[in-house]
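Peer 1: Let me give you the structure first, and then I'll get to my questions.
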Amino acid sequence: MSDPAPLTTDHPGQVASATPPAPGRSRRSRRLSDRGLAVAFTSPALLLLLAMSVFPLLWALYLSFTDYSATRGGPAQFLWFENYTAILTSPQVHQRALTTLVYVVGAVTLQTVLGFAIAYLISRRTHGRGLLTTLFLVPMMLSPVVVGLFWRFMLDAQFGVINSMLGSLGLGQVEWLTGQRTALISLILVDTWQWTPFIMLIALAGLTAVPTYLYEAASIDRASEWFRFRTITLPLVWPLLLIAVLFRAIEAFRLFDLVYILTSGGPGVSTETLSFHVYKVAFLGFNTGTASAYGILMVLVVIVLTQLYLRYLNKLKED
Amino acid sequence: MAVSVDEAVGTRPARDRTPRARRFGGRGRAVLEVALLTVLAAVMLFPALWMIETSIKENRDVYAIPAKFFDFKVTMDHFKDVFVASGGGRSTLSDSFLNSVVVAGASTALATVLGVPAAWAYSRFAVKAKKDQLFFILSTRFMPPVVVVIPIFLMYRQVGLIDTKLGLILIYAAFNIPFTIWMMKGFVDEVPAEYEDAAMLDGYTRLQAFWRFTLPLLLPGIAATAVFALIFSWNEFVFAIFLTSSDSVRTAPPAIAGLIGGTTVDWGLVAAASVVFALPVLVFAYLVRRHLVAGVTLGAVRR
């Protein structure tokens, strides 16, 4: 389409294997058929996305302006922005937003620090890098269901192995999942356990891509290690790390399954994130209209975060 | 200041000290780093090992206080319970594993069949507002599942897809398509467009050129992408728990989560079911380890 096709084929073996049909299509008709082909190839995927992602969101948008309830049935009454003002002014929602913020910031910060540290340590090894990386990646590949269930067992106050180990070290027992404060900390710890490998993997990709000659040049200049880290390693890895952090932030913000399995929002509402609260409003309270408005507001936050993420991604690709 | 080039280039983390101090400091530090890595690896791996250990322990030892690390009786009963019902015959858990295989397999196939041609088209043609379309496609993947599931639930109730495998397959396919397109576009970009141009000079149509020359080169990429899609569908929980309820449809994640619903929890069984559930994922993940960075970032980051 843009450049004229090369006159010689690079791989004659492949082309010669079949008997080519008679040539003789004008450039123009080919361009037209290209456009047709592009539409034919992209539209099925786009249609499925429209049906399963866009249309439901539009429906939720419509429901968010009504008092519709999934159990009551009957025609929905238009409330316009009543649902939205109710949510934005609700102290309950404010509390959930705070919980979510603490959780997202706490978990992502811990993961980033730990993940980067592990990646840095691995990148300095010359032997066994592949094996180490593979071992560290195990938690990330597990389903949140398995992770949640298993940590629930390990953190059990009576027969959990964590308290058992604390006991044999002579330390006190901790009510990991049943204490008001500790439950949120436990949630952050479990999420950190699962997703530190994610940051590690991406940081490692960045670290191994730093050209060696930069370090060599720096060591000829007798630059200190900290100076090298600060002026060579960090600036080169930072863009990629930022992508990973934003990605994790979006994922943590919309997290639901781990909360559901590990604590079910409890004790009380101490680990109820926004996602979990939406679920309660929608599926336990059956206030579908309110839940839709709540969901739309969450989607707006996700869209802002995603835009940020995609913009950085774009910048990274152009460099 | 005379640093010989050999010395500076020889060891990669070259240090700017006298050789003797460097050897000592370097070794001490290396030992410290290896020790730190070992501790971190132990912490990361312990839960997985503990899960395997619990799955082969007798119930008495599972609840032992203090926890038994080594001297426990080995039993395979929990694994038997995963597959065989107490009265004989297949257990509901094993049914849910079969459902998971069907749902994950079919949704991956659908996402691949729809996603690969789309990725090729986005890679090769000047589609209008290509970048915006691609970013829009990726952003649908970031929607909070709990929010999406509310209208999907109502929609499925309307058209009779609630509590059906087809319903799950469709939503999983929709959720894997953004990933498939982004991941595959990277692979297609790596195959030179000149191959197709050359084939077309020989008289093939564009479609034939794609089918005969580009597609065979893409097969390894398609396999890797499909494996990731398979893992995502296999592990998915939120849609599964809200859109299905009967044992004949329910996939493994909600079925395993359902094991802790009662008053007493058989943690040995939970552990065994989790091991059976997680093992294929780990094997598959190992097979595609070269593409992990691209896979876990939904095809967005390629190195």
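Placed from the backbone N, Cα and C atoms, the Cβ positions cover glycine too.
Heads up, TrEMBL stuff is auto-annotated, nobody curated it.
Feature table excerpt (TrEMBL):
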type     : residues  : note
REGION   : B:1-21    : region 'Disordered'
TRANSMEM : B:30-52   : transmembrane segment
TRANSMEM : B:97-122  : transmembrane segment
DOMAIN   : B:97-288  : domain 'ABC transmembrane type-1'
TRANSMEM : B:134-156 : transmembrane segment
TRANSMEM : B:168-188 : transmembrane segment
TRANSMEM : B:209-234 : transmembrane segment
TRANSMEM : B:267-288 : transmembrane segment
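Have a look at these and tell me how they're positioned relative to everything else.
Peer 2: Within the chain, the transmembrane segment (B:30-52) has long-range Cβ neighbours (under 8 A, six or more residues past its boundaries) at 271, 274-275.
With a threshold of 8 Å between CB atoms, the same-chain residues lying at least 6 positions outside the transmembrane segment (B:97-122) that come near it are 130, 133-134, 165, 168-170, 172-173, 176-177, 179-185, 187-188, 210, 214, 218, 222, 225-226, 229-230, 233-234, 248-253, 276-277.
Using a Cβ-Cβ cut-off under 8 Å and counting only residues 6 or more beyond its ends in the same chain, the transmembrane segment (B:209-234) has close neighbours at 100, 103-105, 107-109, 111-112, 115-116, 120, 172, 175-176, 179-180, 183-184, 186-188, 190-191, 195-196, 199-200, 252, 280-281, 284-285, 287-288, 290-291, 295, 299.
Below 8 angstroms of C-beta separation, residues 51-52, 54-59, 62-63, 77-79, 81-82, 93, 97, 224, 227-228, 230-231, 234-235, 252-253, 256, 259-260, 295 of the same chain, each at least six residues beyond the ends of the transmembrane segment (B:267-288), sit close to that stretch.
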Peer 1: Quick test of the contact rule: Cβ under 8 Å, at least six residues beyond the ends. What residues does that give for the transmembrane segment (B:168-188)?
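Peer 2: Sequence-distant neighbours of the transmembrane segment (B:168-188): 103-104, 106-108, 110-112, 114-116, 118-120, 122-124, 134, 137-138, 140-141, 152, 161, 214, 218, 221-222, 224-225, 228-229, 232-233, 236, 239-240, 243-244, 249, 251, 291, 294-295, 298-300, 302.
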